[in-house]
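Copied over from Swiss-Prot, here are the features:
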REGION    1-35  region 'Disordered'
BINDING   ARG32, GLN33, SER34, TYR35, LYS92, TYR149, ARG153, SER157, ARG218, LEU219, HIS220  substrate binding site
BINDING   87-92, 102-103, 108-109, GLN131, 166-167, TRP212, ARG222  FMN binding site
Amino acid sequence: MASNPPSAASPRRTAVSPGADRPDGPDPAGQRQSYHAGRLEPEQLATTWVEQFARWFADASTAGAGVPEANAAVFATASADGRPSARTVLLKGFDHRGFVIYTNYTSRKGRESAENPFGSLVFPWYTLERQVVAIGAVERVSRTETEQYFASRPRGSQLGAWASHQSQIIESRDVLDARAAELAARWPAGTPVPTPPFWGGLRLVPDTVEFWQGRTNRLHDRLRYRRVCTADRWAVERLSP
């Protein structure tokens, strides 16, 4: 059906060039990368998403891949009223149950995961022209898992977990340094540092895991594992790029 012509009262729209008010510098609209590193077909996929992720994670973790931190991912959450937030985190484990990260539970991601327990992880492996996107529910890992992982951390990281009241406003860096010094005196070298009660693991339990491979002309390959029932049965689907 043809749309009605604008009335005399309709405001006239003026075309504005993208970025007209931005500061001088590189123009993001002019930056283009052609993708041609590989392809992804259904017959190439592993039987399960976790096996496929393990393959790609191994590829990204090799020195020749040029990926600085293969376990780095963007973790997106949202508040109870739907306001999103995102940040880069480090993956610390994965298996058939999902992907595990660790954080301060009083941080923004910790609070949002409690009040709106859903999230997404994006692994951007740029040099391989690959991306993995997982979406699903977020749950806390067991205290046993948390304590086992915390015990494996470097002592400085353990003290840092106690020192940082993550996501809270502080007056200066001096506040952090003073807390760190106080905690180092409380637990001197050789003394086990206990796991903070406000710190622990989050597991993203995926409903979908999408594997993206860049292709020429923006006609990328997108293959998705999707949970189809509670019995852990999965469908594999190709998505239009």
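Yeah, the Cβs are placed from backbone N, Cα and C, and that goes for glycine too.
Between the CA atoms of SER167 (FMN binding site) and ARG153 (substrate binding site) there is a gap of 21 Å. Within the set ARG32, GLN33, SER34, TYR35, LYS92, TYR149, ARG153, SER157, ARG218, LEU219, HIS220 that the record links to substrate, no two Cα atoms are more than 43 Å apart, and one pair reaches that distance. Neighbour density for TYR102 (FMN binding site): within 10 A of its CB lie 22 other CB atoms from the protein chains shown. Secondary structure at ARG218 (substrate binding site), taken from DSSP and collapsed to helix, strand or coil, is helix. Between the CA atoms of GLN131 (FMN binding site) and HIS220 (substrate binding site) there is a gap of 11 Å. Ranking the binding-site residues SER34, GLN131, SER167 by other CB atoms within 10 A of the CB puts SER34 at the bottom.
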